[in-house]
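**Q** Submitted below is the structure of interest, expressed as C-alpha cells.
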Amino acid sequence: MPMQIMLSTQVADEAWGKNALLSFHQAQATIHVTDYSARNTVQKAARKLRGQGIKDVVLAGENWDLETCWAFYQGFYSAKQDYAVEFPTLDDAPQAELLARIQCGDFVREMINLPAEVITPVELARRAAHFIEEQAEEYGDKSAVSFNIISGEELKAQNYQGIWNVGRGSANPPAMLQLDFNPTGNPDAPVLACLVGKGITFDSGGYSIKPSDNMSTMRTDMGGAALLTGSLGLAIARGLTQRVKLYLCCAENLVSSNAFKLGDIITYSNGVTAEILNTDAEGRLVLADGLIEADKQQPKMIIDCATLTGAAKMAVGNDYHSVLSMDDALVAALFKSAETEQEPFWRLPFAELHRSQISTAFADIANTGTVPVGAGASTATAFLSYFVKNYQQHWLHIDCSATYRKTASDLWAVGATGIGVQTLANLLLNPVKG
C-alpha cells in the first residue's frame, strides 16, 4: 500500500522534534513547510523519506502544485528507479509541464547513470537522436527532425580530427551526431542556436591515465551531451518553433597501441593546430570539431556543454554549473532563465589573457594551460575559443559539474541530477533579442 504524502504549513507537533520537517500518522506522512513555494524543503523531505526505505507514495491533499510536485520527484528519484510516485491531478498546463520535465530529466539521468558498456559513442548518438525524434512526434511533427551519425574512419575522412583522434584507441568507434530540428518546414530557415555537447562515454585519461578513484565515475563524462539533448527535448515540449541544431561529439578515451599520445599534433579543419600535452584534456579536443561545424551555420547563439575540467568542480563543487563567456548580454539571458527555473549557475572568468596562456613552440595552441599557475576552466574555454570565429559574441560555454554527484546530499541521491535542463530549454525559448 503506498504511503500518502501531505503538504502543510502547520508546524509539526514537538513530539517529532523542534521544527520537524516530517511527521507521520499510520500510512500518512506530512511535510511541514513555511510556505507552499518552499521547493528545497519539499525536496529534502523526499530524500528523507527515501532514506527511510519508502518507495511507493501518493501525493495527496489540495496543497500540491507543479513546483512542489517537481521538487518532491527530484528528491525521491534514485538511479535504481525502484520507486513509484502518484501525482495529484493538476490543471492541464502544469500537468503537461510536469510530465515533460520528468520525461526529459529522466532521459538525461538515465543516459548519465548507465554503464559505458551500454552507452558507447555510437549508442549515445543513436539514443539522443531517437529521443529528439520522439519529442518532435509527440509535441509536433517528427518530420521536423533530420540527423546524421558519422562514425569510425568516416570521421577521419570528413576531417573531424579531434573526435577521431581521441576515440581511435577504443574498439568502440567514435561518433558525431549532427541533428537538425527545423519545425519551420523551410530548409533555408535561419538557425536560432547550435548546441554542442561533449560525449565522452568513458574517460580513462588515456596515457595521462587517471587514478582508479577518479576513473570510477568516468562513464558520466558525457553529461554535457545528455544535458543538451534533454534541454532541446524540453524546449520542444514547451513549444519551440525556431530551428536548432545539435552536435554531439562522442568518443571513449582509452589506452591502446592505437591511442593518441602526448606530443601528437592535431590539425583541425579550420587550420588550427593543437599539441597534446595531456591526453586527459580530451573533452576540448572533441568539442572543437563540433564548434567548427556549429560556427558554419551562423546561428544567433552557440552553446556548448561539457564536464570539461576538474578546476570548475573545485571552484563550485557539484552544486553549480559554471558559465564562461565574453558576451554579457547572453550571460544575463542565461541567468534570467536560471532564476526563473530555480537552477544554480555561477559565472567564472574568461578574458583575452587566457587565450595567451595555452601557447606552445610546436603548434598554434596546446590542449592545457602552459603558465605556472593557470585557471584551468578559463584556459579550457580559451582553447575552445580558437574554433569560434566571433568568440567574443553569441557563444556560451558551460562547464557542467552539477550533472552528477558521487555522494548523496540532503537534496540529491547519488548519480545524475538533471540540473540545467529547464534553464537551457528556457533560454532557447527566450533568447537574447537582436
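Each residue, glycine too, has its Cβ placed from N, Cα and C.
Quantities reported herein were computed from a predicted structural model and do not represent experimental measurements.
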**Q** Can you find which of Asp203, Asp213, Asp328, Asp364 Swiss-Prot lists as binding Mn(2+) 1 at the same site as Asp280, Glu282?
**A** Asp203
**Q** For the Mn(2+) 2 site that Swiss-Prot assigns to Lys198, Asp203, Glu282, which of Asp221, Asp304, Asp319, Asp327 is also named?
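**A** Swiss-Prot names Asp221 for this Mn(2+) 2 site.
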**Q** Going by DSSP, is Glu282 (Mn(2+) 2 binding site) part of a helix, a strand, or coil?
**A** coil
**Q** Given the recorded Mn(2+) 2 site (Lys198, Asp203, Asp221, Glu282), which additional residues of the same chain have their Cβ within 8 Å of the Cβ centre, ordered by sequence?
**A** Val166, Ile200, Met218, Met222, Ala251, Asn253, Gly283, Val286, Ala306, Thr307
**Q** Considering only the recorded positions Lys210, Asp280, Arg284, which fall within 10 Å of Asp203 (Mn(2+) 2 binding site) when distances are taken between Cα atoms?
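**A** If one measures from the Cα of Asp203 (Mn(2+) 2 binding site), the recorded positions that come within 10 Å are Lys210, Asp280.
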**Q** For Lys198 (Mn(2+) 2 binding site), which of the three DSSP-derived states applies: helix, strand, or coil?
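**A** In the DSSP reduction, Lys198 (Mn(2+) 2 binding site) maps to strand.
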**Q** Measure from the CA atom of Asp280 (Mn(2+) 1 binding site) to the CA atom of Lys210 (active site) and give the result in Å, rounded to a whole number.
**A** 8
**Q** Within its own chain, what residues at least 6 apart in sequence put their Cβ under 8 Å from the Cβ of Lys198 (Mn(2+) 2 binding site), listed in sequence order?
**A** Asp221, Met222, Gly223, Gly224, Ala225, Cys249, Gly283, Val286, Leu287, Asp304, Cys305, Ala306, Thr307, Leu308
**Q** Please classify the secondary structure at Asp221 (Mn(2+) 2 binding site) using three-state DSSP.
**A** coil
